[in-house]
Amino acid sequence: MTITRVSSDGSGGGAAPDGRDQAKQQLRREAKARRAAAAQDNPQAGEALARVVLETVPFAHGDAVSGFWPLGDEIDLRPLLEALHERGHPIGLPTMTAKAEPLTFRAWQPGAELQDGGFGTRVPPESAPVIVPRVLLVPLLAFDRAGYRLGYGGGFYDRTLQQLRADQPDTLAVGVAYRAQEVDVVPRDRYDQRLDMMLTEQGPVALDPSGGGTA
C-alpha cells in the first residue's frame with residue numbers, strides 16, 4: 001500500500017487557510033484515484049468491512065445507526081446495513097436539508113423505496129421518519145491516524161457531528177473506507193470533527209488517542 005504525504009506547504013496544522021484549502025483539493029484528487037483503484041481491486045470489500053464493523057464497534061442494544069448509500073466507488077455499506085437491521089438496529093440514511101445545515105437522517109430498511117437526493121445520492125423519501133443516530137458510519141475520501149478525515153468539502157458531517165456531540169455526548173463517529181485511503185496527514189481546520197474509530201475491510205486502524213496535535 002502506498003501512503004501519500006501531503007507537502008509541508010499547506011498541509012500541516014500551522015498552514016494558512018488558503019494553503020490548507022489547496023492541500024485539501026490536491027488530496028481529494030489523489031484520494032479519488034486511490035479509491036477507484038481500491039474498489040476495482042476489492043469487489044468483496046463491503047462484505048469484509050461488515051464483518052469488521054460487527055466485531056469491533058461496541059453497539060448497544062437498539063442503537064440507531066446512520067449509514068450511507070454507496071456513491072460511485074465508495075465502499076459498499078449495504079451488506080453491513082442489512083446485517084444491522086437484522087440485529088434490531090434502526091438504520092438512517094443522510095439527507096441534505098440546506099447547504100449550511102447539519103444532515104437529517106431518515107429511516108431505511110432493506111427493500112425500502114429510495115429517491116434521488118441530488119449529487120448522485122439515493123435517499124429515503126421525506127415521508128420516512130427522522131432518526132437520531134448514536135453511531136454514525138461516516139464516509140470519506142481519505143483519513144489519517146490522528147483520526148481526521150477528508151470529506152467532499154461541504155462540511156455536512158462536521159456540522160452534524162458537532163451538533164450531535166453537543167446534544168448526545170456518547171455519539172460515536174466511525175470512519176469506514178478502503179485501507180488504501182489512508183494518508184499520512186489530512187489538512188484540517190478548527191471546525192473539523194475527529195473520528196472516534198476508523199475501520200477498513202482489512203480491520204481496525206489504530207488512531208493516535210491524542211489526535212495528533214491541534215490544527
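FYI, residue positions are counted from 1 along the chain as it appears here.
In case you wondered, yes, glycine gets a Cβ from its N, Cα and C as well.
Because the structure is a prediction, the values reported are computed rather than measured.
Taking a C-beta cut-off of under 8 Å and a sequence gap of six or more, Gly154 (ATP binding site) has these contacts in its own chain: Lys99. Under DSSP, Gly154 (ATP binding site) is assigned to coil, being neither helix nor strand in the three-state scheme. Summarising the annotation, TrEMBL assigns ATP binding site to Lys24, Gln25, Gln26, Leu27, Arg28, Arg149, Leu150, Gly151, Tyr152, Gly153, Gly154, Gly155, Phe156, Tyr157.
Just so you know, the Cβ of Glu74 (substrate binding site) picks up 18 other Cβ atoms within 10 Å once every protein chain is counted. Reduced to three states, the DSSP call for Glu74 (substrate binding site) is coil. Among the features that TrEMBL reports, substrate binding site is placed at Glu74.
The annotation compositional bias 'Basic and acidic residues' is assigned in TrEMBL to 18-30.
As annotated by TrEMBL, region 'Disordered' applies to 1-44.
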Residue, out of the binding-site residues Lys24, Arg28, whose Cβ gathers the largest set of other Cβ atoms within 10 Å: Lys24
Which of Tyr152, Phe156, the listed binding-site residues, has fewest other Cβ atoms within 10 Å: Tyr152
Which of Gln26, Leu150, the listed binding-site residues, has fewest other Cβ atoms within 10 Å: Gln26
